Every structure is written in C-alpha cells, then in structure tokens.
Amino acid sequence: MASTYKWPFIHAEPLMPKKEIEANSTIYKKMEALQIIVAIFILALASSLTFASDPSPLQDFCVAINDPKGSLFVNGKFCKDAKLAKADDFYFSGLHIRKNTSNTFGSTVTPVNVAQMPGLHTLGISMVRIDYAPNGGLNPPHTHPRASEILVVLEGTLHVGFVTSNPDNRLISKVLYPGDVFVFPVGLIHFQYNIGNTYAVAFAGLSSENPGVITIANAVFGSNPSINADILAKAFNLDRKMVKNLQSEF
C-alpha cells in the first residue's frame with residue numbers, strides 16, 4: 001500500500017534581501033571590470049618597457065645626415081633622401097686592425113655606431129672592437145644607458161663581470177676564453193680585464209645605434225664642473241684631501 005504521508009514543504013528565505021543581492025552583483029561586476037582594466041594596463045606597460053630601447057623604424061632605412069634640409073627628422077637626426085643612399089652609408093672598414101693600447105687603462109675601444117656608419121640610424125644596433133694590453137689591460141667599470149651588450153672574445157683571456165642594482169649590488173663575473181660569449185644587461189656597471197700575458201681582443205654588439213657610455217670614475221671624479229669634494233668624501237667615506245687628489249687625476 002502506497003504511503004500517504006505528505007512531506008512538509010520547507011520554505012527557505014533568502015539570506016539577504018533581493019535588492020541587496022542585486023547591488024552586490026553590480027559591485028562584483030564592477031570589480032571584475034576594474035581587474036580587467038588593471039590587467040590590460042600592466043600588459044601595456046610591460047610591452048612599452050620591452051620596447052624601451054631605440055624605436056622601430058617606419059621605413060626601410062634612414063641614413064643620418066646633418067643637413068637641416070633633409071626630408072625627415074627621426075630620433076635626433078635628419079634622414080638623407082632614400083634615393084640618394086649609397087653603399088658607403090652602410091659600410092665601415094678597419095676592425096681587423098689592432099689598436100694602440102699604450103694609455104692609462106691599457107685598452108682601446110673602436111666603436112661602429114651611427115657616428116661612424118650613418119646607415120645604422122633607426123636600426124637599433126651598433127658594435128665595438130676592444131683591444132686589451134697584456135697583463136692587466138682594462139676596460140674600466142662603465143655603463144651603457146641605452147643598450148645591452150653581448151661580447152665575444154677572439155683572443156686572450158678576460159675576466160669580465162657586472163654588478164646588479166641596489167640593494168643587492170651582487171657581482172656576477174666569469175673568466176672568458178676565445179669563443180666565449182657574455183652578456184651585460186642594459187644600464188648595469190660592467191668591466192673587462194685582461195688576466196693573460198698576451199694581447200686580448202673582443203667584439204661586442206649593442207642594442208642601440210647610440211648606446212652611450214658612462215665611465216664611472218671619470219663621471220664621478222672628472223665631472224665638469226667638479227662635484228663638491230665634501231659630497232664625494234661623504235659618499236665614498238674618504239678624506240677630503242684624497243678626493244681632491246683623485247679629482248686632479250681626471
């Protein structure tokens with residue numbers, strides 16, 4: 001016989017009024033929209049930082065000239081009429097020649113940037129040859145404010161390295177031999193030092209037509225006009241007289 005028991009109907013009231021539920025739903029939707037906007041902003045910022053070096057060209061090339069009558073002004077230089085461009089605008093010779101390293105640091109840098117090769121303008125690349133004297137030839141601590149650098153050793157043995165930014169200031173270094181490659185990230189202080197008893201040669205590519213260079217000692221102790229000696233004495237924990245002596249060397 002089928003049961004005739006009737007289960008009681010349980011009526012559950014909502015935990016909060018309908019209007020409040022709708023209000024919260026609207027808030028959640030606004031928060032989701034805000035999160036999407038923030039995510040898009042972060043991605044856009046990341047993209048802009050990724051391409052924060054030389055801008056990409058909007059034409060095949062832009063041979064740099066100093067003539068204000070040039071038809072186009074791009075990234076600080078006038079462009080030659082493309083129809084007048086010639087092979088020599090994209091050519092440089094002489095990187096096979098060993099340079100004289102008889103100087104204070106025992107090294108010589110031969111650059112090939114937009115100043116030497118006008119066809120490099122807007123292409124975002126340049127290169128250098130670096131010669132090092134035996135037994136201590138040094139490319140002293142310096143930075144390139146607008147470029148990362150990738151260096152390959154052709155001859156000799158180099159101790160190279162760079163220092164990370166504050167607060168770690170960690171030295172990352174390596175001894176390189178012919179055929180070895182090392183990268184110096186943009187803006188970080190770096191150096192190369194010949195620890196061998198023969199001449200050393202390296203070539204480096206840089207991610208800017210005009211990477212710039214700031215030699216740390218020259219900038220700090222050889223600025224024009226000079227930085228106040230009291231400032232440098234306090235910054236480097238040195239005697240003021242020693243600072244003045246250092247400044248006289250630069």
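Quick reminder: no glycine exception, Cβ is built from N, Cα and C everywhere.
Look at TrEMBL and you will find Asn139, His144, Glu149 tagged as oxalate binding site. Residue density at Glu149 (oxalate binding site): 23 other Cβ atoms are found within 10 A of its Cβ, drawing on all protein chains shown.
Under the heading Mn(2+) binding site, TrEMBL lists His142, His144, Glu149, His190.
Taken from TrEMBL, the feature disulfide bond applies to Cys62-Cys79.
As annotated by TrEMBL, domain 'Cupin type-1' applies to 93-244.
The Mn(2+) site is defined by His142, His144, Glu149, His190, and by the 8 Å test on Cβ atoms against their centroid, the other residues of the chain that qualify are Thr143, Ala147, Phe162, Phe184, Leu188, Ile189, Pro211, Val213.
Note on the binding-site residues His142, His144, His190: the fewest other CB atoms within 10 A surround the CB of His142. Taking the centroid of the Cβ atoms of Asn139, His144, Glu149 as the oxalate site, the other same-chain residues with Cβ within 8 Å of it are Val128, His142, Thr143, Ala147, Leu151, Phe184, His190, Ala204, Leu206, Pro211, Val213.
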